[in-house]
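Only one structure is covered here, and it is reproduced in the block below.
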Amino acid sequence: MSQATFAKELTAKFAQLWTEKTKRPLPPVNQAMMQRLRQGQRQSGPNEVFSRVSALFRDLSLIPQSFENAELQDMAMEILPLDRLYSVAEERAEEEGERDNWGLQDYLIMELLRWFKQDYFTWVNSPPCETCGENGNVQFVRRENSTPEEQKYDASGTEVHQCSNCNTEIRFPRYNDLSKLMETRRGRCGEWAKCFAFFCRALGLRTRYIWNAEDHVWSEVYSERRKEWIHTDSCEEAWNSPTIYSQGWGKKMSYVVGFSGDGVTDVTRRYVRKADQQLPRTMVPDEQFKTILNSITSDIRQNLSPSEKEELKREDEAEERELASYNADEPQEAQMPRQSGSVEWTKARGEGGSDD
């Protein structure tokens, strides 16, 4: 029996614990929707800035659509340690579920976080020297355009590092292609977040890719048990710790936006709870910002049935009530400082802790 076939049987075993909404797969690649999103990139708005911001978010909205590729999902099923993930999740759900109010799928993602961080993906400050194998003596020297071969795997640029031992230059392409990420299994925030979010979706879970204007990305998954979106960050093995960035890292943020197969949502208030943690939101006026996100969401949901649209509208309204409920004066749990990345790198990004 292939791993992919085993995955389907194992998922079916727990199907009764998933809602029909969760089990309903999106089309492998919804070409009509992707065409609408791309057309929206070229539409004019109130001004040039509005158009550029709209194009940026329409481009980002294509990322979760790429998670629906059936061939890539089959590749993921061959990689994921499904028996182990489900066994641990089932055991924890039986032992801790009632007390902690988490469901099987929540424990599944908790275990996926642990496996992804500890056993699967590797963080790269500088890549090891390919000639002498040195790790500690390799330093970044420049960034340059990716080669045609690197561009085949959607490299967004290539870093060049140099070994001080042997002077060898090592290329570190910043790949975005999911098949390549499953091959290289390494990177920084972008590679980690995209590959982890894809694995969540490959397991059949509703997943968001979370973009932050201050150069960090992570993910959220929808908890069917709690009926809410839950923060996940594979770089930190973090579960349901949305204030980790503002409290633990000392990171100030302006925009935090979630992209899923169901729409686009401004989730800044989940992650920024206090005025002194909020950077100015100056991309476009807030009303225009809402218009951009609503337009993209409308395009994504265009072909859904009236009942599906109504269900998502109810979810949107419930999430809006949740986000509006956060009290800036309420005590916040202490959070860990950033674990991933070198000290110099995190400090340069303003993520070295609240005393940075």
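Glycine is no exception: its Cβ is also placed from the backbone N, Cα and C atoms.
Feature list (source: Swiss-Prot):
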{"type": "ACT_SITE", "residues": "CYS189", "note": "active site, nucleophile"}
{"type": "ACT_SITE", "residues": "HIS216", "note": "active site"}
{"type": "ACT_SITE", "residues": "ASP233", "note": "active site"}
{"type": "BINDING", "residues": "CYS129, CYS132, CYS163, CYS166", "note": "Zn(2+) binding site"}
{"type": "BINDING", "residues": "GLU236", "note": "substrate binding site"}
{"type": "COMPBIAS", "residues": "307-316", "note": "compositional bias 'Basic and acidic residues'"}
{"type": "COMPBIAS", "residues": "346-356", "note": "compositional bias 'Basic and acidic residues'"}
{"type": "REGION", "residues": "300-356", "note": "region 'Disordered'"}
- Message: When you rank CYS189, HIS216, ASP233, GLU236 by Cα distance to CYS166 (Zn(2+) binding site), which of the recorded positions ends up on top as the closest?
- Response: CYS189
- Message: Using the CB centroid of CYS129, CYS132, CYS163, CYS166 as the Zn(2+) site centre, which other residues of the same chain sit with their CB within 8 A?
- Response: GLU130, THR131, GLY133, GLU134, ASN137, VAL138, SER164, ASN165, ASN167, THR168
- Specify the secondary structure state of CYS189 (active site, nucleophile) as given by DSSP, simplified to three classes. helix
- Message: Please identify, from the binding-site residues CYS129, CYS166, the residue with the sparsest Cβ neighbourhood, meaning fewest other Cβ atoms within 10 angstroms.
- Response: CYS166
- Taking CYS132, CYS163, CYS189 as the recorded positions to compare, which has the smallest set of other Cβ atoms within 10 Å? CYS132
- Measure the Cβ-based neighbour count of HIS216 (active site), defined as the other Cβ atoms within 10 Å of its Cβ. 22
- Item | recorded positions compared (ASP233, GLU236) - the one with the fewest other Cβ atoms within 10 Å | GLU236
- Message: Looking only at the compositional bias 'Basic and acidic residues' (307-316), how are its residues distributed among DSSP helix, strand and coil?
- Response: 10 helix, 0 strand, 0 coil
